[in-house]
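First the structure, in the form of structure tokens, and then the observations on it.
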Amino acid sequence: MGVLCFLASFWLALVGGAIADNAERYSANLSSHVEDFTPFPGTEFNFLGTTLQPPNLALPSNGSMHGYCPQQTKITTAFKYINTVISCTIFIVGMVGNATLLRIIYQNKCMRNGPNALIASLALGDLIYVVIDLPINVFKLLAGRWPFDHNDFGVFLCKLFPFLQKSSVGITVLNLCALSVDRYRAVASWSRVQGIGIPLITAIEIVSIWILSFILAIPEAIGFVMVPFEYKGEQHRTCMLNATTKFMEFYQDVKDWWLFGFYFCMPLVCTAIFYTLMTCEMLNRRNGSLRIALSEHLKQRREVAKTVFCLVVIFALCWFPLHLSRILKKTVYDEMDKNRCELLSFLLLMDYIGINLATMNSCINPIALYFVSKKFKNCFQSCLCCCCHQSKSLMTSVPMNGTSIQWKNQEQNHNTERSSHKDSMN
């Protein structure tokens, strides 16, 4: 609880400092620009904005430049504060929801199994993003500049911020793929029954997911630097992707397609493939001789499969608008078009919506589990309302993978014993 209070205090101080700094230094021009706001893990500085220019894109002496919009983009200050309120809500819900989800899986031994371990890994990645990246995003949006942009700590944040963003999304994507594979493996190996615990193969998968996510995020930490530039007679520094090598130039050129293909399409394709195979397995089992004996067994696993499928669908809905805006910027936007500034205003608005939806994905998974899974719903109610229920009853939760636990009210019978019958999910 002390840690949560510290994080909340840090968050409020950072946002408050951003509002004060914005009023003093950026009320004239920069308050309505969000060009250095990173809309996606690792997005470069000039993704949608064209007004604030890095040094190598400075205006020539005649004042003309391709891609430069003389007028401000049509994003009002009110919209920024609306976005800030949304981000604060996501911060609170995401921190409480993901922390509670981790606590549930950690404290209840019967919840420690393969799929729940992957869900815990997913929640931890979301929690890291919510706690570290969201405050920086809000500060940039309100202050119009990078936090601590004139000292070494700002340089450290410039490296850490895109690295953790990309790592968090990678952890989400790879965990969703692993959950899809796990559901197919559970249905295909219906006859294998194990005790409560995390299988070794699942532990290896989780470690591999985190290592691979960190490796794929290394180019972000290498490429992002603090770059000084001049805008309307004022000196500024911001964090942006500055390609200085051939590899980084190639990475910057193909980055949008790489993000769309690996970080969006791959989990959807993986889910489609393994859920199709899982459906075929279930249809074959319906005609088998053990249909009656396995009906309850398969029913429980189908419920878990629906939960995982729900998480994948939510991921797709949250991230599609942002990826769409990136692809439109890559394919439709033309620096030579006279109407490019109107298009940029539309893309910037679309990008704001995409940012909020993508960020919402970091807090919505615990909510989805609460409504989709009865087991997790009981756990959340017991954990969040423990003070209210402590004197009335002792809630015992059922793991996702089909364990059925019989329990009675502690006041009615203090000698109640629990019997657990676990169906393996792996």
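All residue numbers here begin at 1 and follow the chain in the order shown.
Each residue, glycine too, has its Cβ placed from N, Cα and C.
Relative to the membrane, Thr202 and Met240 are listed by Swiss-Prot as lying on separate sides. For the annotation N-linked glycosylation site, the record in Swiss-Prot points to Asn62 among the listed residues Asn62, Asn98, Asn242. Within the set Asn29, Asn287, Swiss-Prot records N-linked glycosylation site at Asn29. Looking up Cys158 in Swiss-Prot gives a disulphide bond whose other cysteine, out of Cys88, Cys110, Cys239, is Cys239. In this chain, the transmembrane segment (160-181) lies in contact with the transmembrane segment (257-278); the count of Cβ pairs under 8 Å, excluding pairs fewer than 6 apart in sequence, is at least 3. When each of the listed stretches 81-102, 160-181, 206-229, 307-328 is scored by C-beta pairs under 8 angstroms to the transmembrane segment (113-132), 160-181 comes out highest.
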